[in-house]
Amino acid sequence: ALVLLCSSAAAVVVWKWLGKRQIQKKMEEALRTQDEGMKKMAKAVQQFREQVPSVQTDAILSLPLLELTGRLREGSLSPKTVLYTYLEKALEVTQQTNCLRHFIPECEEQLQEIQQQKEKGLLYGIPVSIKDHIGYKGHLSTCGLVQCLGIPVQEDSVLVKVLKRQGAIPFAMTNVPQSLFNYDCSNPIFGQTLNPLNLQKSPGGSSGGEGALIAGGGSILGIGSDIGGSIRLPSSFCGLCGLKPTAKRLSVWCTRLLNMDVCSCPTPVPCALGPMARDVDSLALCMKALLCEEMFRLDPTVPPMPFDEEVYSSSAPLRVGYYDTDGYFPLPPCMRRAVRETRGALQAAGHQLVPFSPPRIHYVMTELFLKTFFADGGRAWLDLFTGDIVDPSLKSQVNCYKIPRLGKKLLALILKPLQFLLLLKLKNFATISTCRSLKEMWNHHHQIEAYRTEFIAQWRELRLDVVLCPVLGPAFTTGYPGKLLTAVSSTMLYNVLNFPAGVVPVSTVTEADEEELKFYRGCCDDPWDRTLKQ
């Protein structure tokens, strides 16, 4: 019996070793492919440089998107020159930040294609970067997961098709956090992406590769996705403009999310694709280009509503609701100062500012947002890591969900005398409630709809046109987003509501902000508040 037991134990050890070796081989192959792509990219840039040595790189890179499109359309700049200029800069940025997951060699074919198009699209000749999980034919869509390696996408996503139709040139796919459910940007396959403005900082996530590439100057326009702040948080951390449209405003067909096709995975808090860029006009041009007949034809589920130029160009006074805290996770002093300064600027411009308090954010965060994704106690999410190496930035969450339900209840009872139970309920994923029946799930969906109705009623009562509010920031040191997942309350609200929401940079951190941060106590000076301060 002892011999049999030893043999079984040895077999388990060997089996685990073989599994890990298989994972390692897949990861090594992915890195080899990535490296070959980068070398091919560098070679193409070098060849162009030899052919055209007099390109004014800095002048091209400094052009705003609207001016660059004008120069391309009139012919004073060629798409080839612009493409290779941005390829060269992207290589430089990724060497510093590790923001590129893969170079798209077919960009050279697309360059030839657009020069044969009869009509020049709104994004004619513009190099565009796209987030890892946005489908591009023949390329991987990994979500930072080993199980997604070796399975190339069979066709372009609708969004990529429309970009191409409008004359854009997708040239690179950018890095993401493992499973996309993190606002840092690290995975075990391609590693940690850094913030180009400060290499000790995170670029945010999950569209962190996009944030780093655009902020570093290696892309003028990028496409990210957002299900809890994944466009807006990198935009905040990297000093960019980003827009999360209403879900289904842009097609998500052939876009992978958490190893599932978004289209076949309905959820009451849906994913939205949207643009990231250096200025608001760039976001508007991108939306104008994407909201076209081709988008509506390729994806009939997208409402056929073109971009409303009249609303966008209007200078009519607005009635603006505002708040500088949601009462759930108080933000650092500099972010609240940004709201105050913007409020003052809007008032000076003739707009009417009205205090607004979003209702019941504690309830929204724990009972609506987190319950949507972890209604099964996190089992579906944990399944993503089967046969995978868990990234260090996610280990605390993964370990938390591995605790059996009974274990979580016992832990809560033990901690109750220490008065930590309330904190755990509000700020820790371990104790969020789950949907234990189909009836509970339908009730959860109804609760989300009821909250939207309540919020809209409050909005209408105050006769608001728009709301001004803070976003989480400034950029965290790498590794910290994984410790503070519930700090995303400022962004997740608008995913639950399915409202469009954007981020704009209005200021930078001052020495006075740093001094004020020393006295930050947050909600109740608990471990999470102290972690935010760090």
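Placed from the backbone N, Cα and C atoms, the Cβ positions cover glycine too.
Nobody curates TrEMBL annotations by hand; they come from automatic prediction.
The domain 'Amidase' feature in TrEMBL is assigned to 82-514. Look at TrEMBL and you will find Lys131, Ser206 tagged as active site, charge relay system. Per TrEMBL, substrate binding site is recorded for Leu180, Ser206, Ile227, Gly228, Gly229, Ser230. The active site, acyl-ester intermediate annotation in TrEMBL covers Ser230.
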(request) Within 10 Å of Lys131 (active site, charge relay system) by C-alpha distance: pick out those among the binding-site residues Ser206, Ile227, Gly228, Gly229, Ser230, and say none if nothing qualifies. (result) Ser206
(request) Report the mean pLDDT of the predicted model across the domain 'Amidase' (82-514), rounded to a whole number. (result) 92
(message) Among the binding-site residues Gly228, Gly229, which residue has the fewest other Cβ atoms within 10 Å of its own Cβ?
(response) Gly228
(message) Just to confirm: which same-chain residues, 6+ apart in sequence, have a Cβ under 8 Å from the Cβ of Ser206 (substrate binding site)?
(response) Lys131, Val176, Pro177, Leu180, Phe181, Asn182, Tyr183, Cys185, Gly224, Ser225, Ser230, Pro234
(message) Around the substrate site formed by Leu180, Ser206, Ile227, Gly228, Gly229, Ser230, which additional residues qualify by having Cβ within 8 Å of the site's Cβ center?
(response) Phe181, Tyr183, Gly205, Ser207, Ser225, Asp226, Ile231, Leu233, Cys271
(request) For Ser230 (substrate binding site), just count the other CB atoms lying within 10 A of its CB, please. (result) 33
(message) For the substrate binding site, please report the maximum Cα-Cα distance among Leu180, Ser206, Ile227, Gly228, Gly229, Ser230 in Å.
(response) 11
